[in-house]
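Annotated features, as they stand in Swiss-Prot:
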BINDING   123, 127  Mg(2+) 2 binding site
BINDING   123, 127  Mg(2+) 1 binding site
MOTIF     123-127  motif 'DDXXD motif'
């Protein structure tokens with residue numbers, strides 16, 4: 001593989017660059033994400049029992065749902081999902097951070113995890129992927145196989161609406177929380193549909209990829225920040241929109257990271273086969289390559305892309321190496337990080353600005369803090385809560 005070293009680019013060691021040092025899809029948590037035991041306690045005490053009890057009169061249903069939740073969650077690294085907690089704890093007034101509201105914050109984090117998992121369960125069926133995170137996909141091990149897994153995945157995405165009704169219906173921001181989750185569900189399915197249709201075209205383009213990424217990942221990831229801001233008591237639509245814009249870009253970076261790992265990491269390293277290679281997916285890597293390839297490289301690429309033949313997959317990887325894909329990836333991430341930094345500086349809210357800046361620093365610049373970055377957010381964060 002081509003080395004990431006490039007004299008013209010700064011040394012970056014954030015979460016989306018971990019694969020260069022570890023050669024695999026492993027994410028180190030944000031340095032302030034230290035209370036995951038409390039989060040998982042809420043999952044065990046509240047989320048799993050609530051979801052099981054929706055149809056407790058149906059024989060074997062509660063047991064199936066419990067197994068589904070424990071087997072599939074989290075579908076991706078739960079480090080991505082710290083957005084909701086970071087924003088709430090940093091932005092909400094100390095008086096708002098009661099035990100009840102902290103629990104609700106964890107329920108919002110769980111809401112995002114459930115939506116992520118819905119995406120993964122259905123995506124694995126669509127991609128015909130047998131594995132996720134190094135173990136068999138839910139559709140491979142559940143009773144009923146793909147036929148029932150489809151409905152399991154659909155339920156997973158609807159459980160958040162039930163949780164919101166159970167715990168937020170008397171909150172002033174309830175209707176906005178509900179609307180955000182519904183629109184996230186809709187936009188995600190739009191993005192997934194566009195993504196699958198692109199596999200039939202087998203002609204990856206950046207214009208197509210931007211549409212996929214916006215709906216499938218950008219708006220999806222941004223929903224976590226929107227839910228957290230609303231729960232924190234911010235009612236300014238301008239502030240909410242500006243926050244969503246920043247985290248939409250962050251979500252697009254994360255999706256590009258995932259696309260890049262399909263090229264850069266082996267199936268043993270990232271826990272599943274390279275579905276994008278085999279399905280001719282319109283990913284950032286394939287779309288960027290088509291922008292950069294010479295005519296002869298493009299022809300050779302199209303002859304090999306979308307095949308499970310190992311020699312053809314190797315040819316595609318070699319073509320990516322020829323155009324120095326790691327450098328192109330780094331340039332893309334840095335460009336979008338700079339966009340976010342500009343938007344963050346324009347945020348007219350000090351604590352929200354600190355939360356956004358801290359997340360982007362962790363995502364792109366460094367996985368461990370310098371003294372200044374740790375101190376600034378710690379001043380805003382209710383560390384003892």
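Any Cβ shown, glycine's included, is placed from N, Cα and C.
Counting every protein chain shown, 20 other Cβ atoms lie within 10 Å of the Cβ of residue 127 (Mg(2+) 2 binding site). In three-state terms derived from DSSP, residue 123 (Mg(2+) 2 binding site) belongs to a helical segment. Summed and averaged per residue, pLDDT over the motif 'DDXXD motif' (123-127) gives 90.
Under 8 Å, Cβ to Cβ, and six or more positions away along its own chain, residue 123 (Mg(2+) 2 binding site) finds 129, 192.
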